[in-house]
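The feature NAD(+) binding site is assigned by Swiss-Prot to Gly10, Ala11, Lys12, Gly13, Arg14, Ile15, Gly78, Thr79, Thr80, Ala105, Pro106, Asn107, Phe108. Residues or ranges marked as active site, proton donor/acceptor in Swiss-Prot: His135. Sequence annotations record features per position, and here Swiss-Prot assigns (S)-2,3,4,5-tetrahydrodipicolinate binding site to His136, Gly145, Thr146 based on sequence analysis. According to Swiss-Prot, the active site, proton donor annotation covers Lys139, on the basis of sequence analysis.
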Amino acid sequence: MSKLRVAVLGAKGRIGSEAVRAVEAAEDMELVAALGRGDGLEALAESGAQVAVELTTPASVMDNLDYCLRHGIHAVVGTTGWTDERLARLNAWLDASPGTGVLIAPNFSIGAVLTMKFAQIAAPYFESVEVVELHHPNKVDAPSGTATRTAQLIAQARQKAGSAPAPDATATALDGARGANVDGVPVHAVRLRGLLAHQEVLLGAEGETLTVRHDSLHHSSFMPGILLGARRVVTTPGLTFGLEHFLDLN
């Protein structure tokens, strides 16, 4: 059986270097390119890569995906900063490259994806729900893509169930005191030295609370999801948003 030819973009970063090691250790994969800042994208096509694992920055991701899709290279994307406008551009590129797949995953940790699913299931059964994400102080975006996605899934579940808005009598507050509002769900971001990536979903009802928490303690926690994404994206054309779609959770 031939091995899946994988390239890593952002290979010199903390997660990227971990991804390089994970691909090299995978028996069914071959690392054909490991590109860092300043390396030319032409190496992707020259290497014969079937899949590119994109772990760069919001400033670079669109150019990288444009190149991949013009050359029929599938992509597994962990870079954040996705807006409706960017997703529309990406879908237009995919329309011009039928058969090519792109997975965008707000989080590659299997545990984090399960946390989102658990919160989505529980949300309609509680009056109140808020999300708290905690990360290292070098993280450039807030709230995290995982927290935003979690809040969106919670809001969808509550809307489908016909849940009433969460009670909140706050009349005055300092800017940001109640967090960011993501589809009606408060999301709070903490940046603290010593942390890596953590999230809590707090749910409350009369006489009880439920906390759903996940902690990533090392970048290695993201590798099983990255490898799963690389294996599945080659047979999943078009855009897939969220690793949960590759986990058969339904």
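Cβ atoms here come from the backbone N, Cα and C positions, even for glycine.
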Secondary-structure category, per DSSP, in which Pro106 (NAD(+) binding site) falls: coil
Quick check for you: of the recorded positions Gly10, Lys12, Arg14, Pro106, His135, Lys139, which have their Cα within 10 Å of the Cα of Thr146 ((S)-2,3,4,5-tetrahydrodipicolinate binding site)? Pro106
Any further residue of that chain within 8 Å (Cβ to the Cβ centroid of His136, Gly145, Thr146) of the recorded (S)-2,3,4,5-tetrahydrodipicolinate site: Thr80, Pro106, Asn107, Glu133, His135, Lys139, Asp141, Ser144, Ala147, Ala197, Gln199
Grab the NAD(+) binding residues from the record (Gly10, Ala11, Lys12, Gly13, Arg14, Ile15, Gly78, Thr79, Thr80, Ala105, Pro106, Asn107, Phe108) and give me their largest CA-CA distance in Å. 20
Measuring CB to CB from the residue listed as 'active site, proton donor/acceptor', give everything in the same chain under 8 Å that is also at least six residues away in sequence. Ser144, Ala189, Val190, Arg191, Leu192, Leu195, Leu196, Ala197, His198
How many other Cβ atoms are found within 10 Å of the Cβ atom of Lys139 (active site, proton donor), counting all protein chains shown? 16
Helix, strand or coil: which one is Arg14 (NAD(+) binding site) in, per DSSP? helix
Test of understanding: give the count of other CB atoms lying within 10 angstroms of the CB of Thr80 (NAD(+) binding site). 18
Same chain, |i - j| six or more, Cβ under 8 Å of Gly10 (NAD(+) binding site); the result in sequence order is Gly16, Leu35, Gly36, Glu54, Leu55, Thr56, Thr57, Thr79
In three-state DSSP terms, His135 (active site, proton donor/acceptor) is classed as strand
When you rank His136, Lys139, Gly145 by Cα distance to Gly78 (NAD(+) binding site), which of the recorded positions ends up on top as the closest? Gly145
Listing them in sequence order, which of the recorded positions His136, Lys139, Gly145 have their Cα within 10 Å of that of Thr80 (NAD(+) binding site)? Gly145
Of these binding-site residues, Gly78, Pro106, Gly145, which scores lowest on Cβ atoms within 10 Å? Gly145
By Cα-Cα distance, the member of binding-site residues Lys12, Arg14, Phe108 nearest His136 ((S)-2,3,4,5-tetrahydrodipicolinate binding site): Arg14
